[in-house]
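Worksheet: one structure, shown below.
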Amino acid sequence: MQIATAPSTHRTADNVTPHLKKMGTSAMNKGNLSGSKSGQWKQKELFFLVAYAFVFYVIIIARSLQLSRDHYTQLHGLRPGWLIPNHLNDTSDAQWRNFRGNIPILTLVFGIFTLLASLMRAFFNLKVEGMSIVWLLFSLAYLSYLHGACIMFILSIATVNYLLVKIFARKKCFPLIIWSYNIFFLLCNRIYEGYSFSIFGEQWTILDNYRGSFRWHICFNFVVLRMISFGFDYHWTNQDSHFDHEKHYQRCHICKSGKSCYQILQERSLQNDKFRYTTYLCYLVYAPLYIAGPVLSYNAFASQLDVPQNTNSVRDVLRYGFRWVLSLLLVELMTHVFYYNTFAISGLWKQLSPLDVFIIGYGVLNFMWLKFLLIWRFFRFWSLINGIEAPENMPKCINNCHNLEGFWKNWHASFNKWLVRYMYIPLGGSQKKLLNVWVIFTFVAIWHDLEWKLLSWAWLTCIFFIPELVVKSTSKAFKAKSAFGEFIFRELSAVAGAVTITCLMVANLVGFVIGPRGINWLLSSFINKEGLPVLGGLLMTFYVGTKLMFHIDEAKQMSP
């Protein structure tokens, strides 16, 4: 029986094996054919998307030029330009106008400070304590010019914060004390407009004549973030971190090369002797990052005083500066030919058609992105030259973000990292995400200024966040079982992206341009017979834009 069955089994295996191989080969061929068809379809889709985007921007540029030519006599804030002959320049944005006008003096000041600091570091082999004193002296001289006698307010508030940290650190009441103290002064500084010396007595009134050239309480918003960072980094010293160092080292190409990336510098605890008063003050008023950031944690700052950053080579820093110059020329070209910002602040766009309203709104948001990119990168550039790396604030273009979470990770990204470390995770992280966003965005609004339009922006953003978070949690559980399922999921994601981009535009226009009172006007401009086709067109455009972003993300994933 055994002899009879063995050959039989053997013959069956011989017969089945080729059959299985044939089936496997057939399945592979079908898979390859399906993949080939999918690849061909995506190539055709990409061609259509690029063509659509090209036509869209041609229309936007042509109409923007026409609007600027037709209405420039009615607009305010235009000044004689220098880049293009016989063209006026839109300098209506006060923040951009002030920064642009002070670029030469800022470059001279930071150049001198950098040269002196580099010479002293080289000659005296200075480390944390020595470099903190050098930069503190230079920065205090810089602040004395900016704020005059008001520097006393900054040093007084900062000193009390330092004492509170040293007294209450590692106690349960510490978070409540530090947050209460800093939010209290954040609000009081705004309410009392930086205070008056006369409130301390008539003998101090004379100091009100020496308040400097720049309002100190505007810059102090960044000092508040740094005071909180110093406090919690000291509070968390020698505590177990939830940061997975091994997992990070496997993923980070900088750490694999033997260097320390910003994330490692931030998460690595410092010794207690690195939390000295002089180093703390130097961190608060460090000149290159004092006015506008980017924001970096105390741990990362103090680590780089000891060992200057080496993740960016001299060539990388010079290339970064050259790209900044090109970006400056782009903004100058933009403000010479497109008068988006003055259209918005003058209110003239309220008299235009829905299509023109969209073009102006879209242009204003792009101008804002470029403006902040230039401001933040200028100060980050000087910080890099001095050996201190801060996170890039605008790592991704505004036109390459199709969801709220991705947008806020790439707009003022260093602030986002700060919020994640000092608010989001302590509040419960992803487990309480739907509640966290309300607390965090309300704080962000108050941090910017005490205005109802900013609170409206914050709460609108939270409202828009809720459906996105729900959809994301649902999509993680969903797995497409066929090519058609993947196609449907991709299309729905693109539609969701189009809606999200529209919501982002509305929230940011309300928060930074038109205010809550303008919501009714904005909605009424598009929800009517003339506006509905435009609304449909812009949703279609954002749908196309989202699909283009999918292709960009896929190309990045495929690249080595």
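Sequential numbering from 1, following the chain as shown.
Cβ coordinates are placed from backbone N, Cα and C, and glycine is handled just like the others.
Per TrEMBL, the stretch carrying the note transmembrane segment among 173-191, 534-552 is 534-552. Counting same-chain residues at least six beyond the ends of the transmembrane segment (321-339), those with a Cβ under 8 angstroms from any Cβ of the stretch are 64-65, 67-68, 71-72, 75, 78, 81, 83-84, 87-91, 96, 363, 367, 370-371, 373-374, 377-378, 381. In this chain, the transmembrane segment (534-552) does not touch the transmembrane segment (359-379); fewer than three CB pairs sit within less than 8 A of each other, excluding pairs fewer than 6 residues apart. Scored on C-beta pairs under 8 angstroms, the neighbour of the transmembrane segment (534-552) with the top count among 46-65, 105-124, 277-301, 454-471, 492-514 is 492-514. Beyond the ends of the transmembrane segment (46-65), by six or more residues, the same chain brings 337-338, 340, 355-356, 359, 362-363, 541, 544-545, 547-548, 551 to within a C-beta distance below 8 angstroms of the stretch.
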